[in-house]
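S.K.: This is the feature table in Swiss-Prot:
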{"type": "ACT_SITE", "residues": "Lys192", "note": "active site, proton acceptor"}
{"type": "BINDING", "residues": "Ser14, Phe15, Arg35, Lys109, Ala141, Arg263, Leu287, Glu289", "note": "NADPH binding site"}
{"type": "BINDING", "residues": "Lys109, Gly137, Lys192, Asp252, Ser262, Arg263, Asn264", "note": "sn-glycerol 3-phosphate binding site"}
Amino acid sequence: MNKFKNIAVYGGGSFGTSLASLAAQNCNNVTLFLRDEEIAKEILHNKTNVKYLGDIKLPTHLQVTTNLSVIKDFELIIIAVPSYAFDDSIKLLKTHGISADNTLLIATKGFARNPTELFSDRLKTLLPHSTTAFFAGSNLAKELAKNLPASASIASLDIDIANKIANNLSSKTFTTNTTSDIVTLQVAGALKNIFAIKSGIDLAKKQGKNARATLIVTVLKEIAILSKALGGTASSRSLDTNLLLEAGVVGDLVLTCYSLGSRNTKFGYELGISSDKKIFLREYKELVEGQEALKLVLDLIKKYDLQMPIISEVANYVIPE
């Protein structure tokens, strides 16, 4: 079975740490790269990342370092940073020697900024000719770190690379599917947090379970609309496509939209029950990915003259007049 011999994970938050734990299930040479010296020491000595994952134990052979000078030596580098930090992270890693010789698996969800575009398009500028894949799935970080059953989609223009990564990550408890449609997977990952806000608002307004189920069908159509505009293979007129029904799209949507454990659903719910929307938005301090993604996707809707009613409805709630 074709696999990568060594794997680096860049990003020491909950998702990055859980992905490192996942990768270590099938690979004995996995290193988590992060900036926080205290967390690095904790993982090294205690095999926990209490700040992000509580007392969940990480694999004993998982390595950790803050020394970026060696990251260039890893065949596969998983990028798991917030969307706002994507550009700076790639630029930083370039100064430490990563190149087109390394394969990148992008687990970051959202859009690149200034200008608004997909991460795959931004990488054409930041790291030309790089071999790149994208990861998305119905994955809560703590459940992933506990090795509970889960699944994900892996997309790459080079399907052999996607399959190779799948070989590294698949196990009895973690299943994968692969695709060459990198656009649809990125679009779904970027939009799902916006739709989760809508789900939270519907919950607050007591719209009922039927409405929340109908929301999933409707938002799949909007994912397809934007995907098609950006060059994906999903069609807004034909949702009977494999990728839309896989873990990285509908699976991720259901998990995010139906769980109050999702920051975005929780935000939407609290916004929906607030008596003064403007005060709530001004005083809400927690990072909400969907709120940030919404501002960016509106640029794309305007650019391509798209009709996406759910996005527009959320914008009316979230963006102050």
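Even glycines carry a Cβ here, placed using N, Cα and C.
So that I understand the layout, could you describe where these features sit and how close they are to other parts?
M.R.: Annotation for Lys192 (active site, proton acceptor): spatial neighbours Lys109, Asp252, Leu253, Thr256, Cys257, criterion Cβ-Cβ under 8 Å with sequence separation of six or more.
Residue environment of Lys109 (NADPH binding site) contains 24 other Cβ atoms, counted within 10 Å of its Cβ in all protein chains.
Secondary structure from DSSP puts Lys192 (active site, proton acceptor) in a helix.
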S.K.: Measuring CB to CB from Phe15 (NADPH binding site), give everything in the same chain under 8 Å that is also at least six residues away in sequence.
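M.R.: Set apart from Phe15 (NADPH binding site) by at least 6 residues yet with Cβ under 8 Å, we have Ala80, Ala107, Asn139, Ala141.
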S.K.: Does anything in the same chain, at least 6 positions from Ser262 (sn-glycerol 3-phosphate binding site), have a Cβ under 8 Å from its Cβ, and if so what?
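M.R.: Result: Asn193, Ala196, Leu255, Thr256.
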S.K.: Return the count of C-beta atoms lying within 10 angstroms of the C-beta of Asn264 (sn-glycerol 3-phosphate binding site), excluding that atom itself.
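M.R.: Excluding its own Cβ, the number within 10 Å is 24.
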S.K.: Round to a whole number and give the Cα-to-Cα distance in Å for the pair Leu287 (NADPH binding site) and Gly137 (sn-glycerol 3-phosphate binding site).
M.R.: 21
